[in-house]
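Taken from Swiss-Prot, the feature domain 'SH2' applies to 14-102, supported by sequence analysis. The domain 'SH3 1' annotation in Swiss-Prot covers 123-183 and is backed by sequence analysis. What Swiss-Prot records for Tyr127, Tyr207 is phosphotyrosine. Taken from Swiss-Prot, the feature region 'Disordered' covers 184-234. According to Swiss-Prot, the feature domain 'SH3 2' maps to 235-296.
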Amino acid sequence: MSSARFDSSDRSAWYMGPVSRQEAQTRLQGQRHGMFLVRDSSTCPGDYVLSVSENSRVSHYIINSLPNRRFKIGDQEFDHLPALLEFYKIHYLDTTTLIEPAPRYPSPPMGSVSAPNLPTAEDNLEYVRTLYDFPGNDAEDLPFKKGEILVIIEKPEEQWWSARNKDGRVGMIPVPYVEKLVRSSPHGKHGNRNSNSYGIPEPAHAYAQPQTTTPLPAVSGSPGAAITPLPSTQNGPVFAKAIQKRVPCAYDKTALALEVGDIVKVTRMNINGQWEGEVNGRKGLFPFTHVKIFDPQNPDENE
């Protein structure tokens, strides 16, 4: 295992703010094993994503912000983000630990010729999010759809600004049709980031799951007892009882909300720990750690 080469308390070294999934992919693709960055989630404002170069690919792990001001990744909870990073300095996510943060500006992939570092004005750019569709009325206008992110080029008038879209097209936009996006400071405290977590929303199934570090329960309390095998959904319906409440992010339409005591019909057991199931006609994904499989041999344990 390579030794970690970063200070987890130096937030400016690893926190990149509201960069998109695609930008994180670009920064980490082809980089050395264990290089990582932490960014704002574009799907759930207030959450984070840990993006890591591992096993010749880039994996993205969702970090949920809990109401008690703690942070959760997989089945692990932490008091703060530096503690989470310290944990994964010595524990594998999938095939790697965290070794070093990605440079704040992308480096060429390993094996390519390095280009000289050029100054960039990225941090000085002003971004806006479009609130409505705008078809454009004149040739000089910049048409857009609701939800696009634009870069402001110039403000020649109070109600009309010059902007550039992701395709590089420049034109005039009506100011009442957009809202400003304020880039968060690398040293800023965790707070309301609804207005700056921009980028293309990421579907829940696109996130990887870190290895579980919690040992599976034994059949009995005696040491060395055999592990209870999971039933197969191919042999008929599998039912489980929710043992933990789950309130998914409102933006995640694939997640299944759970109340303690809910009976879940498990339809698929994915190896990444995100199971698929149904409760009262509602279908979706949920972590397997939130439920307990019914044991037909011990009905009393289902209570």
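Using the three backbone atoms N, Cα and C, a Cβ is placed for every residue, glycine included.
Counting every protein chain shown, the number of other Cβ atoms lying within 10 Å of the Cβ of Tyr127 (phosphotyrosine) is 18.
The average pLDDT the prediction assigns to the domain 'SH2' (14-102) is 88. DSSP states for the domain 'SH2' (14-102), grouped as helix (H, G, I), strand (E, B) and coil, give 19 helix, 31 strand, 39 coil. In the three-state DSSP scheme, Tyr127 (phosphotyrosine) falls into the strand class.
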